[in-house]
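Take a look at the structure set out below.
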Amino acid sequence: MYPRHLYALVFGLLLGPSYAQASQAHPPSNPHLSKEQVQDVLDYKPPKDPGCTQFPTGPIETTSCDIETIESVNEELYNELHSLVETPFFKYFRVDLYRDCPFWQENGFCMNRECGITTVDESEIPERWRAAELSKLEMPPENESTNLPGCYYRDSDYCFLDDMTEGDYVDLSMNPERFTGYTGPSAHRVWSSIYQENCFGLSELNLLSSDSPNPGSVSLPDSMTGVLRTEEGEQSRDCLEQRVYYKIISGLHASISTHVCHDTMNQSTGEWGPDLKCFISRVASHPERLEYLYFDTVLLLRAVARLGTYLSAYDYCGTGTHEDDAATLERLGKVIDIARAVGKFDETVLFRGENANILKEEFKEHFRNVSRIMDCVGCDKCRLWGKVQTTGLGTALKVLFELDEKALDPRANANLLQRSEVVALINTLHRFSESLEYVNDFRRMWASMDSQEEDAVIHDTQAEVEAAARSAPKPRRSPTAGSEEAIEGNFLESLMARVACWIRACKDGTVGCVQGL
C-alpha cells in the first residue's frame, strides 16, 4: 500500500486541487432548475390537523392518507422516535462493515475523518444482546436459509442479514448520518448500480429516457422520474409493483440526500449546518422526490402498525431490572399508536394475479441485491447507515408482503424477527421522520428570504449544478469482479479517487495526511 500512496502523492502534486474538487461534485439529474418547482416544495405550509378521517385526497399511491396527514403528526412522531432510538436497545447495532464487494473490485475508500465510525467494545453490550447469545436463538437452520460468506437470507427475507460470525458493535446515536465527503466515482457507481442494474426487465435505454419535463442529464435520474411518471391519461408502461419498488429506492435516496444537505460542513468556515443550495439541487427542484420520501414513511408506519402487538410483547430489557424496558415500551407504544392512525399503506393491492409469485420473487431478488451493494460503499459511516436502512426497509417489506396475522402473533412466533431487524426498522423510520423535520428547517430558511435573495440562491445553485454536470462521469455498467476489464479499467479511476481522498485528508489535518502515506 505504501508505494501506491507515493504514486498518489505524485499525481496529487501534478493535478493540484482541481481533480479533488471535481470528484466531490454530486452528479445532478437536472441541470435546469425551475423556481416554480422549488417553491412547490419550500413554500409549502405544513398543517396542524390530521386528515386521515377525511376522504383521502393525497397523491401517495396505494395509501389512504395524504401528505398533509403525515405532516400533521410528524413533529410528535419524530420527538417520540428521537427519544426511542437513544434507548439502549435501539442504539446498539451489530454490523459487518468489512465484507468484500460482491459485484466488482472496489478499491475506493474515504480517508476523510467524517467517514470513520466509533465502535463499542463487546464488554459494554449487555450479554443477552451479544452475537454469541443471539446466534443461539436467531440463526435459522442451514436447510431453511441460503448462506453466503458472512451473510444469509431466508425465503421470506427481502435483504441479506449478517450471520454473526464477523462484525462490530456500533452506537448509532454516536455516529449520526451526515455529510462525509464521500463522493466521486466510487459513490457514483453505488447509486448507478442500484438504479441501473436492479430493473424489472427494463433496458438501460428505457431508464435513461424520461417523460418528465426535467429529464436526467447524467447516467440516470436518481428519482426514476421517467419510469414512475406518465403523461396525463396515459396508462403506465410499468406494473404497480415496479413503480412501488422504484419509489422505495428513490425515497431512500431522497432521505439520505436530505440528511447530507442538512448536516454538511461549510468548506469556507469549517462550521456544520444546513446547506439550502444542496437541498434545492438534490431534492426541492424535483418535487416528486419529496413525495417518495412521504411514500416510504407511510410504508414504514404501516409495517410498524402491523407489528404493533409483536413489538409490544418484545423483550427490550438488557439489564435484568426491566426499568429501561418499561420506559422503552412507553415510548414505543406512542409510536405504534401514531402508526396505526396514519400508516394507511394498502399492501393487499400488490402481488395479485397469475404472475404474482414470480413478480414477488423478482422484487425480493432486486432488493436483496441492493442490500448487498451496500458492501461496495467505500465510506464506513455511509456503509453503516446504508446497511441499517436497507435492513429496515427490507424488514418492513417482509412484514407487509410475507407474514400473515398468525405469523405476527408473538405467542406463536416469539422469534419472528432478529434483534437487528427490529432495531433497523425503528431507526429507519426515525431517519425518514427526521428527514421530514429537516425539510421544514429548509422551508423556514427559504421563508426568511425576500424574492431577490431567492433568485440569487436559485442562480448560484444553477451554476453549481451545471458545473457538476460537466464534470460528471459517463455512465457505464460495472464489470464483474475479477474480470480483465475491471482490473484494467478501474486502475486510473481508483488511483484518481485515492488522490482526491488523500488531498481532502491533508486539508482536514496533518494526522489524516500522514496516515494516507
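Placement of Cβ uses the backbone N, Cα and C atoms for every residue, glycine included.
Database features, via TrEMBL:
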type	residues	note
ACT_SITE	Cys382	active site
BINDING	Arg178, Thr180, Trp191, Ser250, His253, Arg282	FAD binding site
DISULFID	Cys110-Cys115	disulfide bond
DISULFID	Cys379-Cys382	disulfide bond
SIGNAL	1-20	signal peptide
Cα-nearest neighbour of Cys110 (disulfide bond) within the listed recorded positions, Arg178, Ser250, His253, Arg282, Cys382: Cys382
Number of other Cβ atoms within 10 Å of the Cβ of Arg282 (FAD binding site) across all protein chains: 26
Distance [Cα-Cα, Å, rounded] between His253 (FAD binding site) and Cys115 (disulfide bond): 18
Rounded Cα-Cα span from Cys379 (disulfide bond) to Ser250 (FAD binding site), Å: 20
Residue from Cys115, Cys379, Cys382 whose C-alpha is spatially nearest that of Thr180 (FAD binding site), among the recorded positions: Cys115
Residues Arg178, Thr180, Trp191, Ser250, His253, Arg282 [recorded FAD binders]: greatest CA to CA distance in Å: 20
Cys382 (active site): nearby binding-site residues from Arg178, Trp191, Arg282, Cα cut-off 10 Å: Arg178
Candidate with the highest Cβ count within 10 Å, taken from the disulfide-bonded residues Cys115, Cys379: Cys379
